[in-house]
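Colleague: Pasting a structure here, questions to come.
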Amino acid sequence: KYIRMLFQISRLIQLEISFKLKGIALQTIHARELPDCYAFQNTITFNNRAHSGKIKIYFDSDTDIQECKDWHVFNSVLQKNTQYILVFDGFVILSCLASLILCTRSIVLAWRLQKRFVTFFLEKYKRRVCYADRLEFLNGWYVLVIISDVMTIIGSILKMEIKAKNLTSYDVCSILLGTSTLFVWVGVIRYLGYFQTYNVLILTMQASLPKVLRFCCCAGMIYLGYTFCGWIVLGPYHEK
């Protein structure tokens with residue numbers, strides 16, 4: 001269908017066009033999974049409030065998963081695969097929860113030991129312990145594991161809800177699981193410290209990290225200046 005509208009551009013302030021689209025994910029059928037049906041609520045907005053001679057166009061789309069009607073499954077392997085994935089996700093959540101509890105317990109015990117050390121040092125030598133020495137009791141690897149476990153648990157729960165067709169937060173789920181995976185692989189570096197050859201490299205990285213961060217701050221100032229310069233000079237000629 002074609003829609004023809006006649007109006008004066010000079011009087012146009014804002015125009016919104018809303019429409020719905022329905023689709024089905026055919027790739028899941030080829031992958032021997034249950035099909036997914038989607039409903040897209042789309043809105044196209046023509047904004048001429050500035051009256052600058054160029055109408056800005058915005059596109060907004062919201063996705064909602066709906067149950068596919070009148071579909072039939074002729075193989076019980078589909079339900080079994082879904083159940084196996086849910087069982088695996090549950091095992092991951094339990095493992096991360098156990099790791100979270102143990103790491104939190106270690107941090108709490110270290111914090112109590114730090115308080116006892118400060119009290120002993122103050123009573124025995126009449127001196128206060130500096131903040132840098134207090135941080136020696138805090139294990140940064142445990143903090144990294146806790147953050148990774150929390151992200152993995154939340155991401156796995158979102159993944160299970162998406163698999164059950166209750167949520168469509170693909171971006172949030174992928175960000176949480178991807179970031180937690182990054183933290184897990186960074187945490188593997190800790191175990192390399194038990195080897196003498198790799199421990200020298202890790203100690204070198206720890207010693208050089210403050211200087212590297214200071215260099216990044218200085219280089220970042222030049223990069224920001226370059227970015228703002230390009231934005232101001234080229235901005236009026238291109239939207240990006």
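Cβ coordinates come from backbone N, Cα and C, glycine included.
Unlike curated records, TrEMBL annotations are generated automatically.
According to TrEMBL:
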DOMAIN    5-69  domain 'Mucolipin extracytosolic'
TRANSMEM  84-111  transmembrane segment
TRANSMEM  141-158  transmembrane segment
TRANSMEM  170-192  transmembrane segment
TRANSMEM  212-234  transmembrane segment
Colleague: Against which stretches of its own chain does the transmembrane segment (141-158) lie, if we need a Cβ under 8 Å and a gap of at least six residues from its ends?
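Modeller: Result: 89, 92-93, 96-97, 99-100, 103-104, 106-107, 167, 169, 172-173, 176-177, 179-180, 183-184, 186-187, 190.
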Colleague: Please give the average pLDDT for the domain 'Mucolipin extracytosolic' (5-69) in this predicted model.
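Modeller: That stretch averages a pLDDT of 76.
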